[in-house]
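So the structure is just underneath, and the comments pick up after that.
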Amino acid sequence: MGNIQSRFSGFRRTRSAGRGTSSKARKNKRSVSIYTNGANKFISEKIPNENTVSDACLTVEIIEKFSDEFNAEPKNRLALNAVTAEDMTKVLLSREVTINDTHVFSERIELEAKVTNQKSSGRCWLFAATNVMRLILMKKYNIDDLELSQPYLFFYDKLEKANFFLESMIGLAGEKSTDSRLLQYLLRDPVNDGGQWDMIINLLGKYGVVPKTAFPESFNSSNSYRVDTILTSKLREFAHQIRQLHARGHSSSSLRHEKIKMMEDVYRILAICLGEPPKRFDWSFRDREGKYHQFPNLTPKKFYEDVIGYNADGTFSLVNDPRNPYLRLYTVEYLGNVCDGYPIRYVNIPIDKMKKLAIQVLRSGKPVWFGADVGKFSHNTLGILDNKVYDFELAFNIKFGLNKEQRLRYCESLMTHAMVFTGVHLEHDKPIRWRVENSWGEDRGQKGYFVMSDDWFSEWVYQIVMEKNDAPKELVAVLDQDPITLPAWDPMGSLAKM
């Protein structure tokens, strides 16, 4: 690629007058741009005119013009005084939105539970999943409230992700350089707290689940930074060791033998930080009428399959990705937790179709697990998700012009958080706002429940989960397609972790 500057094809050197030149020459030194092709072969050099300023430069005169125009507008000075004196989310909060986004909904599931708290961890996807499943238990056994053990699933997710990562490193051990985009991406965060719905299917199918009383929180499950840091450091070290062994001629079988030793270290770290998950346990409770119930000597899988009776295998993910064709099946390379488990699969549908399906499920009395970009236009204290919650246009005289497709393409948005829909308000059969069960504790929103405007749903919701039995046949049939594989770094490969 000739005549292309270094950023795209090779490198760009500059040389200037320096040592061995007169003081006058140093004072008047000029930069010389040297242009190369992709093979770093010299093509030409350009000596700029000493008396001209490059069009690329931001001159003092231009900045002074910005300042003059800023100060000529009285509204700018008012905004400056307000925003520098107080938190922007308070100054720019729309009073109209706080009034209109009420917690009144025409459609709402019959049974709700107290909001949970993931604390300082990225386990939202596990909390959202267990919040869906616990409602089955509460209804089935007439229980006021309970929690399923997110720490139990968290333990095995970390363990499986570590193994998944090391298997990926074995498969990529022949890569000549660690500078490849794929390796750098995988090494960045090997055991992310976050996850995807199909990862939940894998964990439940292999390990089951337990009540939270059987495996409660530890400090490190609620505050995962330290254990994540230790695991990440060791896994990167293991990746290096795998590559060294491969370079010395070790076979894949030999590398997997070494991997088992590495995984023993991972298990030990997790057991010390989180505790060892139970293999058997007793579960007892009193129902709303005060009647005592006991389930002795349960295994986690028996509790999941027989006591709860939830069939995660019978569910699937629907996404809204306007970059790609609808009614197609997608997956993401190198994304997963359990080797030989369910691959990550999405059926892509238009956003209006997604809303109709979510409403259908809510009307049937079931909650809806969903994923969204929660950091956009959200007030975390009041529990409001609304595109108009802050008046940025009035304060800064700007508009955000990218649409949903463009935001995905330009790294402006992706799914960051999983929550649960428990209600929707309809007017003339059209959604106006949605009721959201979050997992950030009861101090936010309405005892932990958030309200979402329908416009916010359109722009920032990316995924819902529903049972195959409730879904249109044509959508379930998409699961039989050969999936289109997206690269590991694609935004559809993002994990819910807020």
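Here the Cβ of each residue, glycine as well, is placed from N, Cα and C on the backbone.
The region 'Disordered' annotation in TrEMBL covers 1-30. Summarising the annotation, TrEMBL assigns active site to Cys124, His417, Asn438.
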Practice item. Pop the Cα-Cα gap between Asn438 (active site) and Cys124 (active site) into the table, whole Å please. Key: 8
Practice item. State the Cα to Cα distance, in Å, between Asn438 (active site) and His417 (active site), rounded to an integer. Key: 9
Check your understanding: Around His417 (active site), which residues of its chain at least 6 apart sit with Cβ under 8 Å of its Cβ?
Key -> Cys124, Gly371, Ala372, Asp373, Val374, Gly375, Ala496, Lys497, Met498
Exercise for review: Can you see whether DSSP assigns Asn438 (active site) to helix, strand or coil?
Suggested key: coil
Study note, to complete from the structure: So Cys124 (active site), by the Cβ count within 10 Å over all chains shown, scores 27
